[in-house]
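Below is one structure; the comments refer to it alone.
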Amino acid sequence: MATANKNLSVYDKAALPDAKDLRFGIVVSEWNDEITEGLYSGAMEALLDCGALESNIIRWNVPGSFELTFGCKKLAAETKVDAIIAIGSVIQGETKHFDFVCSATAQGIKDLNVLLDVPVIFCVLTDNTMEQARERSGGKHGNKGTEAAIAAIKMATLGR
Ligand SMILES: Nc1c(NC[C@H](O)[C@H](O)[C@H](O)CO)[nH]c(=O)[nH]c1=O
Ligand SMILES: CC(=O)[C@@H](O)COP(=O)(O)O
């Protein structure tokens, strides 16, 4: 199902565990910060709505999406969190650089989920245009940050 047929911000709070005892890390890329700040806001709003305490959420910034892998790895090593959300926005430019950044970031975060004992949620938009990114970070298609927060709660409590 394409995002166009699904609102990223819809979730059933009653079907989720209370997040009050969970600790979250959020690593935010500074590239396209209009978009990444929108994703961060969506994630924070959903985490707090589901009972998470602001004091249990730690945020680190990295320069770009390519650095998300290292940022999440370092955060997992140096803090005790139950889940990490990696937030980025990659937008197609004139060259193939988009392909390499998207692929490296997706593979890097996938690798962290294999190597670490803490789930790392892939909240990285990979859009053709700024308009598509706006539509998915609080626009007509909802907010992928919200979707990522819900995924983080579910993965942090997997098997409980
Ligand atoms: N063009 C975008 C980038 N490029 C920067 C890389 O992510 C990286 O920071 C740089 O290559 C240095 O290692 N990053 C994004 O997050 N979004 C883009 O659209
Ligand atoms: C995803 C990117 O790195 C890209 O936005 C950079 O733009 P360009 O391909 O025009 O150099």
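Backbone N, Cα and C atoms are what each Cβ position is placed from, and that goes for glycine too.
According to DSSP, PHE66 (5-amino-6-(D-ribitylamino)uracil binding site) sits within a helical segment. Long-range Cβ neighbours of PHE66 (5-amino-6-(D-ribitylamino)uracil binding site) (same chain, at least 6 residues apart, Cβ-Cβ under 8 Å): VAL101, ALA104, THR105. Among the features that TrEMBL reports, 5-amino-6-(D-ribitylamino)uracil binding site is placed at TRP31, SER65, PHE66, GLU67, SER89, VAL90, ILE91, PHE122.
Residues or ranges marked as (2S)-2-hydroxy-3-oxobutyl phosphate binding site in TrEMBL: GLU94, THR95, ARG136. Around ARG136 ((2S)-2-hydroxy-3-oxobutyl phosphate binding site), the C-beta neighbours below 8 angstroms that are at least 6 residues distant in the chain are THR3, LEU8, LEU125, ASP127, GLY142, ASN143, LYS144. In the three-state DSSP scheme, ARG136 ((2S)-2-hydroxy-3-oxobutyl phosphate binding site) is classed as coil.
As annotated by TrEMBL, active site, proton donor applies to HIS97. In this chain, none of the residues that are 6 or more apart from HIS97 (active site, proton donor) has a CB less than 8 Å from its CB.
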Max CA-CA distance, Å, over listed 5-amino-6-(D-ribitylamino)uracil-binding residues TRP31, SER65, PHE66, GLU67, SER89, VAL90, ILE91, PHE122: 16
Can you go through the binding-site residues TRP31, SER65, PHE66, GLU67 and pick out those with a C-beta less than 6 angstroms from ligand 2? none
Where SER89 (5-amino-6-(D-ribitylamino)uracil binding site) sits in the secondary structure, as DSSP reduces it to three classes: strand
Filter the binding-site residues VAL90, THR95, PHE122 down to those with CB closer than 6 A to an atom of ligand 1; keep them in sequence order. VAL90
For the (2S)-2-hydroxy-3-oxobutyl phosphate site made of GLU94, THR95, ARG136, how many Å separate the two farthest Cα atoms? 23
Minimum Cα separation from THR95 ((2S)-2-hydroxy-3-oxobutyl phosphate binding site), reported as the residue among binding-site residues SER65, GLU67, PHE122 that achieves it: SER65
